[in-house]
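The structure appears below as structure tokens.
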Amino acid sequence: MADSKTSRRTTAAAKPANSARGASGTGTTRRKALSTRRTSYTKAEIEEIFSRFAARDPEPRGELLYVNPFTLLVAVVLSAQATDVGVNKATRGLFAAASTPAEMVALGEEGVREHIRTIGLYRNKAKNVIALSLALIAEHGGEVPHDRDALQALPGVGRKTANVVLNIAFGDPTIAVDTHIFRIANRIGLAPGKTTDAVEAHLEKVIPAAFKQHAHHWLILHGRYVCKARKPDCTACLIADICKSPEKTLPA
């Protein structure tokens, strides 16, 4: 789920590029300009899509384990290029040993590495965990800030990670675009875009306000278990009759 601050080129739908973040105050204009392709669905169809998601799973939850906003932030940072299952196995011991920034700093980079060595890029991630813990202590009194810019200023935290924390920890209706959401948005034509920023802006535009709180959870879970990358399971899809993807395998 987490993202790096390094921009990447868009080489395929499964590997979205991260758009440049721009200066403060220009983000809204920039992100609106990114979203130029229209959705394939009417407002009524989009309402129906999310109504079905809500009826099946009214209170969806992310699959990363955490005990407070700080451990949520750490878990999301660790989840870059790793599975939630793998992260959860590593963080059970880590969070038992350290669940606050001060405890994490006391554990030290080497201690963090020992807990997360089964996760990809664990050495760099351990550095980021200690660095962001120090930053939280020095700049935010040891608390996770309820502010996007402040979150993105932390080591290892990009826009997607900030959106996850804002949504789960603080209840903001943000949409964190990971590879699953990027793929679905483009595959079915819900919110086409060449970059994660473009897809995020498009989703914010087309998703009804009543569904924004849980939208990214529904879409992530749908992409992870139903509309999978290699072979979507259209027979198990609750929106198959509405879906306009050319990859759909069900009869029209």
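Each residue's number is its place along the chain shown, starting with 1.
Yeah, the Cβs are placed from backbone N, Cα and C, and that goes for glycine too.
Annotations in TrEMBL come from automatic prediction, not curation.
So that you can see what the record holds, here are the features copied from TrEMBL:
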| type | residues | note |
| --- | --- | --- |
| REGION | 1-38 | region 'Disordered' |
| DOMAIN | 78-225 | domain 'HhH-GPD' |
| BINDING | CYS227, CYS234, CYS237, CYS243 | [4Fe-4S] cluster binding site |
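Features recorded in TrEMBL, as mapped to the structure shown.
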residue: CYS227; record: [4Fe-4S] cluster binding site; Cβ within 10 Å: 26
residue: CYS234; record: [4Fe-4S] cluster binding site; Cβ within 10 Å: 16
residue: CYS237; record: [4Fe-4S] cluster binding site; Cβ within 10 Å: 20
residue: CYS243; record: [4Fe-4S] cluster binding site; Cβ within 10 Å: 23
[4Fe-4S] cluster site shell beyond CYS227, CYS234, CYS237, CYS243, criterion: Cβ within 8 Å of Cβ centroid: ILE188, VAL226, PRO232, ASP233, ALA236, ILE239, ALA240, SER245, LYS248, LEU250
Counts of helix, strand and coil residues, the domain 'HhH-GPD' (78-225), according to DSSP: 104 helix, 1 strand, 43 coil
For CYS234 ([4Fe-4S] cluster binding site), the three-state class that DSSP assigns: helix
